[in-house]
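Peer 1: One structure follows; several queries about it will come next.
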Amino acid sequence: MPLHRVEALGEPQDRTGKTFSGRTNGPISSPLTDTERRMSIPQNPAPVNLVGLSREEIAALLRDMGEKPFRAKQLWHWVYHRGETDFSAMTTLGTPLRAKLAETCVVARPHVVREQRSEDGTRKWLLRFPDGNEAETVYIPEDDRGALCVSSQVGCTLTCRFCHTGTQLLVRNLTAHEIVGQFMAARDAYGEWPSPTDESRQLSNIVLMGMGEPLYNYDNVAKAIGILLDNEGIAVSRRRITLSTSGVVPMIRRCGAELGVNLAVSLHAARDEIRDEIMPINRKYPLAELMAACREYPGASNARRITFEYVMLKGVNDSEADARALIKLVEGVPCKFNLIPFNPWPGSGFECPPIRHIERFANILFEAGYTAPIRMPRGRDILAACGQLRSDSLRERASLHKARLAAGVADDHAPAAAPLADTPGAVA
């Protein structure tokens, strides 16, 4: 398959089928069925979505069209710097090229199924991809800027007991097109095209802390980060991208060597016996191995510290002894902590400790020389806070909707009818 076909909106339709000649020396066959007739007609391949293509792939696509190399830079500028979706508006491209692109390509974002806004300004989008699967993306505002929390998988395979996403089994990895598309859809919503300067942009940071484990989808995540970093396109600074992992030890080293982005580690316990219970991945990569990988992370220094995320769970990991064990555990790692009050979700079985307990925990870390802010919940009222993301499948939502109606319960959350293809253009 040619390189430029990798990120098509959908697989080409099946072109196999019987060959029927107009003349035959044998007996006359029976009339074609409707299905056979449709199969015998050649189908056009699905359009190529330019979002998610690398520079090399865009260059290959244009080369196959007979275009000169400089056109790749121009097209890159229109797609990733200006966010343009209409080929006719790409005025630096020749008219014949624009016509060819319009016939064979699209510049599409994921379809926005639902947008929710929190009282604190947090925004959450439920995005649908061409195959009907969905993921959530969250914008977290901070004064005049903010971070976009991006998902890397539909569902998650890790089943961390305190995380709502972990209750949704892994469906599949997101492609580079779908990861980059989340950011571009958010830019559409905020009108941040062309790419603004670092000082003026609202979507200033990207955190790969949404649904899924990024290091279990490394190739697609790495490709997406490369596109996001390119200073002639979306142009997000490397120091403003943070990748969060639950502790996939072998991939932590590779991430540091190849990507060099900020690293956050979902730690949540200082002792193996506790972490084994709340984070099953610890049974494969225990704390000693995880800390060794963190100490070796390229670029980690006092000026660029690893962030350890620590969800405070009442009676589980919030004691003074836990705080002291944490200090001993991270010795030799340039790091800081984010203490996260547990954000409840239906059926979790956990509780958040009283704030005074969390403050006491933070003070112990602070007195040992570590920065340990308490990260106050954002978007909790729309289930957009840390650990609350989950995108039920269309089938699950339809089943729940049917059950509610059968029980005579009013339901304002019926599954929306939407095309199983990306939505070209700006987000509504």
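Backbone N, Cα and C atoms are what each Cβ position is placed from, and that goes for glycine too.
What Swiss-Prot records for this protein is below:
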type	residues	note
ACT_SITE	Glu136	active site, proton acceptor
ACT_SITE	Cys386	active site, S-methylcysteine intermediate
BINDING	Cys156, Cys160, Cys163	[4Fe-4S] cluster binding site
BINDING	Gly212, Glu213, Ser244, Ser266, Leu267, His268, Asn343	S-adenosyl-L-methionine binding site
COMPBIAS	1-17	compositional bias 'Basic and acidic residues'
DISULFID	Cys149-Cys386	disulfide bond
DOMAIN	142-381	domain 'Radical SAM core'
REGION	1-44	region 'Disordered'
Peer 1: I'd like the Cβ neighbour count for Asn343 (S-adenosyl-L-methionine binding site), meaning other Cβ atoms within 10 Å of its Cβ, all protein chains included.
Peer 2: 22
Peer 1: Nearest by CA distance to Cys149 (disulfide bond): which of the binding-site residues is it, out of Cys160, Cys163, Ser244, Asn343?
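Peer 2: Nearest in space to Cys149 (disulfide bond), counting only the binding-site residues, is Ser244.
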Peer 1: Which of the three DSSP-derived classes (helix, strand, coil) applies to Ser244 (S-adenosyl-L-methionine binding site)?
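Peer 2: For Ser244 (S-adenosyl-L-methionine binding site) - judged by DSSP and reduced to three states - the answer is strand.
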Peer 1: Relative to the Cα of Cys163 ([4Fe-4S] cluster binding site), which of the recorded positions Glu136, Gly212, Glu213, Leu267, His268 have a Cα no more than 10 Å away?
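Peer 2: Cα filter at 10 Å returns nothing.
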Peer 1: Provide, as an integer number of angstrom, the distance between the C-alpha atoms of His268 (S-adenosyl-L-methionine binding site) and the residue listed as 'active site, proton acceptor'.
Peer 2: 23
Peer 1: Around Cys156 ([4Fe-4S] cluster binding site), which of the listed recorded positions (Glu136, Gly212, Ser244, Ser266, Leu267, Asn343) come within 10 Å, judging by Cα atoms?
Peer 2: Gly212
Peer 1: Which number gives the other C-beta atoms within 10 angstroms of the C-beta of the residue listed as 'active site, proton acceptor', all protein chains shown included?
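Peer 2: If we count other Cβ atoms within 10 Å of the residue listed as 'active site, proton acceptor', we arrive at 24.
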Peer 1: Just to verify: the residue among Ser244, Ser266 with the fewest other Cβ atoms within 10 Å, which of the binding-site residues is it?
Peer 2: Ser244
Peer 1: Which residue among the recorded positions Cys149, Cys160, Cys163, Leu267 has the fewest other Cβ atoms within 10 Å of its Cβ, if you could check?
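Peer 2: If we count Cβ atoms within 10 Å for the recorded positions Cys149, Cys160, Cys163, Leu267, the smallest count is at Cys160.
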Peer 1: Mind computing the max CA-CA distance among Gly212, Glu213, Ser244, Ser266, Leu267, His268, Asn343, which the record assigns to S-adenosyl-L-methionine binding, rounded to whole Å?
Peer 2: 19
Peer 1: Tally every other Cβ atom lying within 10 Å of the Cβ atom of Gly212 (S-adenosyl-L-methionine binding site).
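Peer 2: The answer is 28 other Cβ atoms.
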Peer 1: Roughly how many angstrom lie between the C-alpha atoms of the residue listed as 'active site, proton acceptor' and Ser244 (S-adenosyl-L-methionine binding site)?
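Peer 2: Rounded to the nearest whole number, the Cα-Cα distance is 16 Å.
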